[in-house]
């Protein structure tokens, strides 16, 4: 046994030495743990990537009394036929076993049919489509399969937060270009007001540029890139022989007056583009974690190599159910009841409600043209953040304060920025509106009570 001496200090008392007895095995264990921690520290490829906005803010929203407009998941019900197809699949014995590693045959066939119509070209279900563990898995496959250490990858700011760490884990260098808002002169502020400078974008291309990551409709802004903007990007990709990884998970969620254009359909782009889609966003089933990549066989085969040596395959009954759900809506694509048509109509009403609500309490929302998020400038609320961590950006402090004191949560927009750009976005927070009316009612109550306290 080992003896150690400590001093006990208490208010109003003189300190006295006390003896603590430690077992030698405990001391040895502590020393061994310290050595092990030093020896088996993190791999360099994940250095500095341990902070994650979803881990941090999902914990805050776990309190059932908090109205959660933060993380982007629906609390509305998915279509009944989607759930019914999953139930059917679960009762078919061979649907509970492994399926084809690159995508369940019925699902890749359905995706080939759907996107063949959209692209107006034949898409080989086995060679030009890869089903992965969500859009995250599709992004990971794309970056690991196509990007080398030392390559540069262009990312527009703000960006979905996993882009930068995935690029860094591949040993590549992210090169950032900001989307900037045009002056609005007090008029309605929309995601269309945010764009890039074509000359500035061209200046980011170099001999080291391997790829550009595009996100349309955009998260968090809700921007739907115009054909003209996409043509600028496409021309630069062709000129500099650059890949395009196009994250289009919100492709069906586009609102009145706007059209989603796939950059892969522009001249010279099919052969250099990986387009990523999501079952979670298409059918409001984010917990299914199914995504897909579509592109030419000479690119998809490298993504397949990553997948076969990592995720290997995705859940068979989920893929089988998704295939059947797609066939139901493929057959009625011109029908208002088709979920690809009915969901954006439903969400546009919710979006407009959120815009009115945010305006009514003195906030300045950026009206999204697509997706299911709305950003608002919260600086006018004048919240007292003195009890928050002073080292954090304003939006982090604000959301934590709002969650604690108002029982309403959102996501800080600076989480979607590189370190240099964070100060330009830290007065903005992102709200999710793919929620039941009762959830939005509760949020409205909180905002109205808050506003009445100010006046």
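Every residue gets a Cβ built from N, Cα and C, even glycine.
As annotated by Swiss-Prot, substrate binding site applies to 72, 219, 430. Sequence-distant neighbours of residue 219 (substrate binding site): residues of the same chain at least 6 apart with a C-beta under 8 Å from its C-beta are 72, 160, 249, 250, 371, 373, 416.
The N6-succinyllysine feature in Swiss-Prot is assigned to 117; the stated evidence is a large-scale study or a structure entry. In the three-state DSSP scheme, residue 117 (N6-succinyllysine) falls into the helix class. If you draw a 10 Å sphere around the CB of residue 117 (N6-succinyllysine), it holds 12 other CB atoms from the protein chains shown.
Sequence annotations record features per position, and here Swiss-Prot assigns N6-acetyllysine to 117.
Here Swiss-Prot flags 281 as N6-(pyridoxal phosphate)lysine, drawing on similarity to another entry. Sequence-distant contacts of residue 281 (N6-(pyridoxal phosphate)lysine), defined by Cβ-Cβ distance under 8 angstroms and a gap of at least six in the same chain, are 135, 249, 250, 251, 252, 253.
Of all the Cβ atoms in the protein chains shown, 22 others lie within 10 Å of the Cβ of residue 72 (substrate binding site). For the recorded site, residue 430 (substrate binding site), the DSSP three-state label reads strand. Taken over all pairs of the listed substrate-binding residues (72, 219, 430), the Cα spread reaches a maximum of 10 Å, rounded to the nearest whole number. For residue 430 (substrate binding site), the same-chain residues that are 6 or more apart in sequence and have a Cβ closer than 8 Å to its Cβ are 70, 220, 373, 374, 375, 410, 411, 412, 413, 416.
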